[in-house]
Amino acid sequence: MVTILDTINPDAKRVRHPEKAHRPDTEVMRKPDWIRVKAPTSKGYAETRAIVKEHKLVTVCEEAGCPNIGECWDKKHATFMIMGEICTRACAFCNVATGKPNALDMDEPENVAKAVREMGLSHVVITSVDRDDLEDGGAEHFEKVIWAIRSASPATTIEILTPDFLKKPGALERVVAAKPDVFNHNMETVAGNYLTVRPGARYFHSIRLLQRVKELDPTMFTKSGIMVGLGEERNEVLQLMDDLRTADVDFLTIGQYLQPTRKHHKVESFVTPEEFKSYETVAYSKGFLMVASSPLTRSSHHAGDDFARLRAAREKKLLMAAE
């Protein structure tokens with residue numbers, strides 16, 4: 001997965017997390033063996049890195065030290081982050097910079113579409129920072145990016161990973177009307193953690209957003225992801241699964257939270273691979289079409305391959321229902 005920011009700020013680098021500067025340092029737990037990966041050295045990785053540098057793009061994968069960077073870049077998987085690199089929220093888990101965002105780049109939709117075509121992407125994920133400063137939360141910009149990709153690379157399937165559009169009436173409806181193939185909105189964590197982990201969001205607003213997508217377009221695939229290791233209890237994770245199934249969400253991803261810096265929320269535990277497998281089994285039993293659950297699972301990890309499996313799972317379900 002290549003997470004690509006849309007611009008390079010030529011100005012002096014801002015303090016990345018000013019809102020966290022006052023927080024005491026927290027202990028960073030040593031990663032267990034099952035989290036560690038080899039350094040990226042493949043030809044495909046080098047080629048992807050060259051493409052990124054050629055287009056003068058910045059990647060969160062590099063800055064955040066994503067554990068999947070070698071695997072994803074080797075396969076030229078890409079996730080574009082639109083609407084700038086500065087977020088209006090300050091979630092305790094996230095390494096994206098917080099502050100006052102810059103104005104939208106009106107050329108960005110076409111530039112993203114050109115990159116998708118030049119990289120030959122069969123599946124692309126479009127995500128963004130939160131833009132609470134915009135009247136529509138960036139919905140129109142999402143719409144324009146989707147349209148531009150459809151025009152430049154018609155065969156590419158499009159997955160969007162959106163913010164929650166909190167207090168932005170009509171924003172969700174506009175994005176759904178643009179017809180992405182997959183609508184992803186991450187719950188991030190269980191309800192009991194929202195005040196400390198995701199204070200700018202509302203748990204049941206996010207559940208309702210995912211439910212509303214299905215009401216607007218029952219054929220659209222919906223997806224959500226969470227992190228574990230933030231102090232949640234198992235029963236809270238199972239309740240979250242039930243809430244997502246009530247919203248008819250198709251695809252659930254579960255991955256291990258990794259602490260970006262000492263100023264971020266600490267890792268409370270490293271969940272074992274066996275526990276991840278158990279979560280996967282339970283999630284399938286609750287009716288999800290697709291489940292990805294492992295320590296290194298990330299929301300856009302294997303997104304293209306998973307989309308193909310997701311479509312196949314739906315077709316199988318429809319055939320079984322027709323018998």
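Glycine too: its Cβ is placed from the backbone N, Cα and C atoms.
Straight from Swiss-Prot, the features:
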- CYS61, CYS66, CYS72, SER300: [4Fe-4S] cluster 1 binding site (BINDING)
- 73-289: domain 'Radical SAM core' (DOMAIN)
- CYS87, CYS91, CYS94: [4Fe-4S] cluster 2 binding site (BINDING)
Fewest-neighbour residue among binding-site residues, criterion Cβ within 10 Å, set CYS72, CYS94 | CYS94
Among all the protein chains here, how many other CB atoms are within 10 A of the CB of SER300 ([4Fe-4S] cluster 1 binding site)?
-> 26
